[in-house]
Amino acid sequence: MSETTNTNEGKKPPLNGRRALPSNNSNEEENEVPEMEAFGLIPRGFNPKDYLRVVDIHMFKEPHEINKQQHHTDKYYSPKLIVRRGQPFQIQIEFNRPYKPETDQFWLEYLIGRYPQQNKGTYIPIIVGNVLKPGEWGAKITHKENNSIRLSIMSSATCIVGKFRLYVAVWTPFGILRTHRNSATDTYILFNPWCQQDAVYLDDEKEREEYVLNDVGIVFHGNINDIKSRSWSFGQFEENILDACLFLMDKAELELSGRGNPIKICRVASAVINSRDDNGVIAGSWDNMYTYGVAPSAWTGSVDILLEYYSSKQPVRYGQCWVFAGVFNTFLRCLGIPARLITNYSSAHDNNANLQLDFFLDDEGKVDTKITKDSVWNYHCWNEAWMTRPDLPVGFGGWQVVDGTPQETSDGMYRCGPASVQAIKHGHVCFQFDAPFVYAEVNSDIVYSRREKNGTQVIEKIDTTHVGQLIVTKEVGGDGMMEITEEYKFQEGSAEERLALETAVMYGVKKQTTQDTVYQPQMDVDMEFQVQKAVLGSDFKVTITFRNKSRNYYTATTYLSGNIVFYTGVTKNEFKKHSFSARLEPSSSSAFDVVIKSSEYLSDLLDQASFHFFVTARINETGKILAIQKATVLEIPTLRIKTQGEMVAGKEMSVTVEFTNPLKQTLENVTLRLEGPGVLRTMKKEFRQIPMNSTLIWEVKCIPKRPGLRKLIASLNCDALRHVYGELNVQIQKA
């Protein structure tokens, strides 16, 4: 009901026949609350000033004061009170005279949205009592002095997460007197991983510090043979980010009454993080053309993206999987849902969810890109969010996969999750949401098949171990990598793994049988190949090794195809073709080198400097085919970050970024970005040219806001060179 969002005065939104009130799905909109609510006719002599009146409300909302300290919200860069649900907080009310409990009667009212209703949890009246019950709304007086009283207020552990308006109401014989609307007393209520009754309760303090309070993280990228990492600034505490995250739920039109449920929030957020079908936050682009936008590799964090979307209300261009995951992580941590960013190496994008990636070879043994629709991404990033799953059987709570990258539709929209990691591991993919798709991402087999002249399909090779080889996230409390593959799958080839697969098939994950197609591989010859580690801009070699285990002489017609690929495994073009005949002596190994020159690949290189090599060999004597594929990533130069002078909160310091151009060409239109949560807001600088072998130096002055260990993150971006990063840990001293 988009028409209900008009706020023009005097114009009532049209009602529909099904509900008495329009949908209440905006935290931003408000209703007018009467300051005097009369019970009937008011006698002439009535003077509100004769009754108890609120003079001032003190919220204890400074970062160093009790509320933000106890609720772990002292890092939020916001002047308002921010608390976590299910845990008491303090306010102080000053009246015009001392409060007399025998005759005076007052209560608190928390309201959210435009149509507050008590049964929807959007209007919460709180009577002051003697005791606070854990996890239920309530208030009690803890201290009285002169005209003021101190209250301890408990919020419900299941209440709506968002920004509430506070009123104090006083009863008089003739009507209710309320405080006027005062935005300074607005109270943000967030999820509380420290509270046992909260659905997102996490019992390990070190994990809470990492998954809720850490505002920088690591993205692992590259590929399985060459893992690379870079820092990402989540910045969930930065100015206006909390409001931007609440706006995302308004944008997704999530009913306010559903905003206490982390399952619903994750599901709608996974749709609104991408711009497909709902004009969400980030527009994806995988074609290496980023005109009118920022290249995905240039972003250093989520803050710029969220703030731009919050102000423009238009999708921000451009993102790829780690950008969607980085912004989603900021959203989750900002609201208080424990979250982490995951990388799955060799991630299957299974077009028809049959647990099998079909790669079709042509006569030469090359992959036929016209009919091959499935792809293996070098890596794919998604998120895990921590919560209970009361909608599923016991045992499926804990980490849930949520993915904001638009890959396939779910219930008609581009979204994915939450899917229980535990359910995926055991093959119980019948449990909502989108478990079969995630199961396929980590478990598919790759089937290479070739169509014979007579139309029969011959399976040349089945690779059961390539997909989902390694699943990782950042370690708790450090920048290292933590492997979590066994959270998603049993040991390859184990009895448990087969059982989980059979369970998944039973629950409707389609698995095609390969019985009807002939599959007899060549058993007595092994083929392997190695790609030399190489720096961007240099030549390197590929070594193909055959091991002939038989007593026969064989000759192998061998074909190497070098392709430049997007990290999604989709080929842009073939830059190297090389055929040769290999003579294989009995019971021996032979190696063949193929040299790849930088001039062959530089002009077409894409932003992740990623190659994909296919080697196919036909054993002429038997007609059998050996096929093998491997992705490889070039070493990309890094930025150097240095600081000068003392680093003290509130004092100016100097940061220098340096970069030397390694390519045999001049770099043009180069953009540098530098950011560091708590140290400096994102800064950008453009350089027209960097000649080959020359060094660029950029100096920036800044005043760090917060003491402690902080991280500076820089990126360099231009058409010829992307994914250039640098970072530096800095210790900011207290003033």
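Glycine too: its Cβ is placed from the backbone N, Cα and C atoms.
Since we're looking at a predicted model, the values are computed, not measured.
Now, the feature entries from TrEMBL:
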type: ACT_SITE; residues: Cys321; note: active site
type: ACT_SITE; residues: His380; note: active site
type: ACT_SITE; residues: Asp403; note: active site
type: BINDING; residues: Asn443, Asp445, Glu492, Glu497; note: Ca(2+) binding site
type: DOMAIN; residues: 313-406; note: domain 'Transglutaminase-like'
type: REGION; residues: 1-33; note: region 'Disordered'
Exercise for the section: Would you list the other residues of this chain near Ca(2+) - those whose C-beta lies within 8 angstroms of the C-beta centroid of Asn443, Asp445, Glu492, Glu497 - in sequence order? Expected result: Thr464, Thr465, Val467, Gly468, Lys489, Gly493, Leu501
Handout entry: Of the active-site residues listed as Cys321, His380, Asp403, the one whose CA lies nearest the CA of Asp445 (Ca(2+) binding site)
Key = His380
Exercise for the section: Report the nearest neighbour of Glu497 (Ca(2+) binding site) in space among the active-site residues Cys321, His380, Asp403, comparing Cα positions. Expected result: His380
Exercise for the section: Note down the number of other Cβ atoms within 10 Å of the Cβ of Asn443 (Ca(2+) binding site), including every protein chain shown. Expected result: 23
Exercise for the section: Sort the recorded positions Cys321, Asp403, Asn443, Glu492 by C-alpha distance from His380 (active site) and give me just the closest. Expected result: Cys321
Fill in the blank from the handout: Given the recorded positions Asp403, Asp445, Glu497, the candidate whose Cβ has the fewest other Cβ atoms within 10 Å is Glu497
Problem - Mean predicted confidence [pLDDT] for the domain 'Transglutaminase-like' (313-406) - result: 90
Completion exercise
Counting other CB atoms within 10 Å of each candidate's CB, the least crowded of the recorded positions His380, Glu492 is Glu492
Problem - Nearest-integer angstrom distance between the alpha carbons (Cα) of Cys321 (active site) and Asn443 (Ca(2+) binding site) - result: 19
Problem - Nearest-integer angstrom distance between the alpha carbons (Cα) of Asn443 (Ca(2+) binding site) and Asp403 (active site) - result: 17
Fill in the blank from the handout: Other C-beta atoms within 10 angstroms of the C-beta of Cys321 (active site) total 27
Practice task
Calculate the distance in Å between the alpha carbons (Cα) of Asp403 (active site) and Glu492 (Ca(2+) binding site), and round it to a whole number.
Solution key: 25
